[in-house]
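According to TrEMBL, the protein carries these features:
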- 163-378: domain 'Major facilitator superfamily (MFS) profile' (DOMAIN)
- 37-63: transmembrane segment (TRANSMEM)
- 75-92: transmembrane segment (TRANSMEM)
- 98-123: transmembrane segment (TRANSMEM)
- 135-154: transmembrane segment (TRANSMEM)
- 160-181: transmembrane segment (TRANSMEM)
- 202-227: transmembrane segment (TRANSMEM)
- 233-252: transmembrane segment (TRANSMEM)
- 264-283: transmembrane segment (TRANSMEM)
- 289-313: transmembrane segment (TRANSMEM)
- 325-347: transmembrane segment (TRANSMEM)
- 353-373: transmembrane segment (TRANSMEM)
Amino acid sequence: MNRRTLTYAVIIVIITFSLRASNNMIITTLPLIAKYYFHFSSILIGVISSLAMLSAFIASGLINSRLTSSIRRKAFITSAIIYSTAFPLFYFSNPYNVWLLTSLVGFSLGMIMPNIITSAGLFQDQRTRERMLSLYTLALSTSLIIGPLIESAILLKFTLFQAFLFFSILPALVAISSFLVKFPEEEENERVKVKVWKNPGFRISILLNLMYALPFGTLTTFGGIYAVDSFHASYSLATALFGMFFATSFLGRLMMTILPPRDLGLPIWISASLTIIGLSAIFLSNSLILYIIALIILGIPHGLTYPTSLIALTRSFPEEERNVANSYFSATMTAFTSFVPIIISTIVNSIGIRYSFALLIPVSLAFFIGVLWNERSI
């Protein structure tokens, strides 16, 4: 990796780390605020958690994918500035304005994230490109370890609302770094038409992520609440548990960065197996220790599924088609995950959190079968 590539890798790491750490802080903290400060029902907690993803879907799938490169860059920078402005305002949030703030943050995320993925995959050399994509996902995992641990320390002395002020430096870094992110060169009047759904690599990427989307969405929305209500964990400890979960995720992505796999079959099988084992462990856990072990197990497939999906995606499309493919990939995932909190909250409201995790097992199995079926087409 030459000096120029290394410098750009640092830029990708900074903006990715800052964006994901701050966004994850919202995802995991907002349900706690909604339940224990705003006294929202399980249904409303699911709805507000879905709102950010729905806004991201609109931005990514309906807007970003239709813009030319030059206009997309301007929208990218503008969204980064909006994100950095809206984030600290959560300190002043109440049961009414929190809906607007969540929408703004979600929309900004939908305009930012797919462009970072595209930018990380601009390199012509396949090995460099896949290492950069794995480095991107490694930065995601690193942020998800460090972020919860920092917030956990903050919550020992400060409130959930005050934590947003401490984390506001990260969205500021996103805004600053956005000016340095590269975009692919395109003709201004060029509109690339890509039949993404007919591409088996695209379908594998989607199905592999969907296999883990429901478990992950359930963990981020109700994992902290489950620790507090079932095992009497403090807010600080409940937040720190996510750091343990993302620690094993980090290890998986570190391996993908050092040794990009030639055959994607192995990480796919490992992800599916450990997802089922981890969900079963949460359902059977009767103590905080067992719950922690389950989270550690589930962290591994979280670390493997996303980089595996991105590698499958980049191997399946030429450079001029990747922005469209990445936008539709991000849009499809956010569209699906936007309904996850609503679906899960409805189930939780009926049968409780523990049994909701048990219901996720056959769903994950079904998506895994879909992955295997599409592998036959490659």
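Backbone N, Cα and C atoms are what each Cβ position is placed from, and that goes for glycine too.
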Positions whose Cβ lies under 8 angstroms from the transmembrane segment (289-313), at least six residues beyond its ends: 117, 121, 130, 133-134, 136-137, 140-141, 201-202, 204-206, 208-209, 211-212, 215-216, 219, 223, 226-227, 230-231, 241, 244-253, 256, 260-261, 264, 267-268, 270-272, 274-275, 277-279, 281-282, 322, 325-326, 329
Whether the transmembrane segment (135-154) meets the transmembrane segment (233-252): three or more C-beta pairs under 8 angstroms: yes
Dominant neighbour of the transmembrane segment (353-373) in 37-63, 98-123, 160-181, 325-347, by Cβ pairs under 8 Å: 325-347
CB contact flag for the transmembrane segment (264-283) and the transmembrane segment (160-181), at least three pairs under 8 A: no
